[in-house]
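Comments concern the structure below.
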């Protein structure tokens, strides 16, 4: 069973604990640290899979809640599974839908047994249990599947956070018992909100189930960044060493850097494609809001250090025109660029870990990128 | 001057007058008959240029009215011209904006001198004259540029149609006088609404200016198809033989076939990409409305005779999911497919002309495609 997945650490940075590794999965190897592109509804918005590969994406995320709602996990299974359905032959990870049930859907009733909620699409009533979520994730067939968890909001009190944590721990046991497919690696999720002792307690619950990897959830949910880093600092010494560590929902360039420097191996975030659709690019010199008048006659590429299809072929003036004209191509080109940018950032960090130059890399990056 | 453009007729079908040819232009050869993809705002909606090439597109259209409004022809000129601005190194044709001024904008005042109108974007007031339009098209720098014309609506009386025709003829002379760039071929436009004698009169006006090509405008504007074919039948014997003939705004599969069989060499239409964005595909077995419930569990490709990226990699069930989920990828994949389909239809017709099998081709096509 364990042979389908294994994690090789090539080098650990002695100063920070940052790791350069390779995660072997049934659909291929993932060089870590890695940023995972988000394809919630079985498509990374605006990017063809062939271009996603060209952009350097090694793995994509899809969402259990969304795909259960539409088109339904049974249909995806009949289609031959998610890889075939969405034409992505590299690794896939499915989120458990826990976060969406608690944030996107209309919550009805949280019980130890599971959660009643109403669909955000048509209001229909549904009941998710750990067993149900495993059934869905097994049907979807991603390489990496997440446990069903309760992600408590930023700002709840310790008592509520503790209860959510306990529920998450109990659900983990039930997920592990219900999950049977050795082709899929189940990752437990560490919760505990912003209480250090709860985080460590949650980690202890999760550890016995962290055979192939472990995730940290419930961060980047509205808190100040220093608070997120503090939680990562609390967890780092206690995290299992021999499996990949995944920081969920985190993906701005600075958070990726700070996460890697705290021993995180995997990240995902909708930021790259979401801001692309709003006309914003991530570049080595910081964010570029393409609509700004200053780019009207700027015939240079978005980022002269980038070799993506967008930067090789288009000027900021053209991209600005597309944004102003409401043309879909702007979302397509900016998504492609932003994903390429984050993938390159991760590759560069990996190389810096291997070269022992991570601190310099970080300094040089911020010096150019700024603090935005 | 003439050497920049030349038209070679490889074969003319003796039965119908359909022609297989090659149109040599400064940005490369165009195998005719040809369907031209429409990139109104300097982008074919939802398709990257590299994929457009893979789909077999030889030339794209852009629109003078739209690009004058946004981002402005001066800006495009500063960017190095339209080819460089939009990253398309094959031939480009610009429409004159006549059709848009008379259909999209709020018309203010039509005079012999030119047309006052209000922008459909911000209501601002503008004046287009033949000279102004030539200035814009020269700045944009397409290989083929269209004269400024008045396209009268379907249903106007003969008197109005005659006046519009005279204006179009007078504007043609002024366009020809104002146009000076030998790198760009100016095409006159035959108008005359649905009056056979006016059509022939307009053609006589146009002929002396048809050095590199000639266009037929004002068809496919809401009339029954047989009426359009009747007008083409009236014109065909009188059209110049040695230059490409372009039927403007026409592009449904049946109209492409009927046009070719009446000696037309060039076509353009937004249909392929517009219906793609509404979730409709053109296939060898007729139109497929992807949203239909019958495709829910249809794991076969859109068209098993098509080798486009969409048909090679995706099922109807997946495309239906994308349409239902409102995902941009559906527009992207269906646009790519529809353009590939029309390009292949034209290539197949060209081959049938060369093989002397055009009548059989037509029969076989309709037998499978149906009449929709």
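First residue shown is number 1, and so on along the chain.
Using the three backbone atoms N, Cα and C, a Cβ is placed for every residue, glycine included.
TrEMBL names B:306, B:308, B:311 as Zn(2+) ligands; from the candidate set B:321, B:337, the record adds B:337 to that same site. For the substrate site, TrEMBL records B:95, B:96, B:97, B:98, B:99, B:191, B:218, and the single candidate of B:149, B:157, B:254 listed with them is B:149. Looking at B:273-277, B:278-282, B:283-287, B:288-292, the range annotated in TrEMBL as region 'RNA binding' turns out to be B:273-277. Here the binding-site residues are B:306, B:308, B:311, and the one whose Cβ sees the fewest other Cβ atoms within 10 Å is B:306. Under the DSSP three-state reduction, residue B:268 (active site, nucleophile) is assigned to strand. For the substrate site listed in the record, the two most distant Cα atoms among B:95, B:96, B:97, B:98, B:99, B:149, B:191, B:218 lie 15 Å apart. Those binding-site residues from the list B:96, B:97, B:306, B:308, B:311 that have a Cβ under 8 Å from chain A Cβ atoms: none.
Figure note: comparing Cβ neighbours within 10 Å for the binding-site residues B:95, B:149, the maximum is reached by B:149. The Cβ of residue B:99 (substrate binding site) has B:149, B:151, B:217, B:248, B:249 as same-chain neighbours under 8 Å, each 6 or more residues away in sequence.
With respect to their backbone Cα atoms, residue B:96 (substrate binding site) and residue B:268 (active site, nucleophile) stand 14 Å from each other.
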